[in-house]
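Record features, source TrEMBL:
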type	residues	note
DOMAIN	5-84	domain 'RimM N-terminal'
DOMAIN	98-163	domain 'Ribosome maturation factor RimM PRC barrel'
Amino acid sequence: MEYIVVGKIVNTHGIKGDIKVYPYTDDIKRFSKLKNIYIGKEKLSMEIESAKYHKDMVLLKLKSFDNINEVMHFKDELIFIDEQDKVKLPKDNYFIYELIDCKVFDINGNSLGYIKDVLQNSSNDVYIIKDKDKEYLIPAVKEFIKEVNVIEKRIIVDPIEGMIE
């Protein structure tokens with residue numbers, strides 16, 4: 001089974017066993033649709049009883065946990081979901097985890113490095129491409145990104161002059 005990180009438990013909430021989660025997703029309300037999550041490196045399977053929202057945090061009530069002392073040890077653990085439960089994205093949209101470590105080539109086949117990270121700006125994402133001792137920033141727009149194949153972990157770009165130097 002493949003897992004995807006969707007958040008981190010940052011604290012407990014109240015005394016009845018709720019946990020406070022910092023979401024790693026753009027759609028915070030997606031937690032209401034989840035039935036199960038997996039906690040920590042051991043991927044402990046937990047059933048969600050309810051999800052509430054406070055500011056930019058998710059407050060989860062896990063089934064069979066009714067006391068703060070029962071959930072304290074989950075603090076700082078990551079929350080995973082089964083990859084089959086991930087949100088379906090529109091065509092030509094990708095999850096950041098799918099792009100990380102993709103090899104990047106220009107339209108002539110020259111290697112430019114790999115995707116190190118993705119900056120999420122208000123207008124569009126920007127790919128951070130790492131090559132040995134340099135980093136390049138390429139906006140994730142169709143003018144520059146010509147092909148993305150997350151299965152083969154390969155991206156082809158057509159940067160303008162001066163973008164890769």
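Any Cβ shown, glycine's included, is placed from N, Cα and C.
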Whole-number mean pLDDT, the domain 'RimM N-terminal' (5-84), equals 94
Could you count the residues of the domain 'RimM N-terminal' (5-84) that DSSP puts in helix, in strand and in coil?
-> 15 helix, 41 strand, 24 coil
Number of helical, extended and coil residues in the domain 'Ribosome maturation factor RimM PRC barrel' (98-163), per DSSP = 2 helix, 36 strand, 28 coil
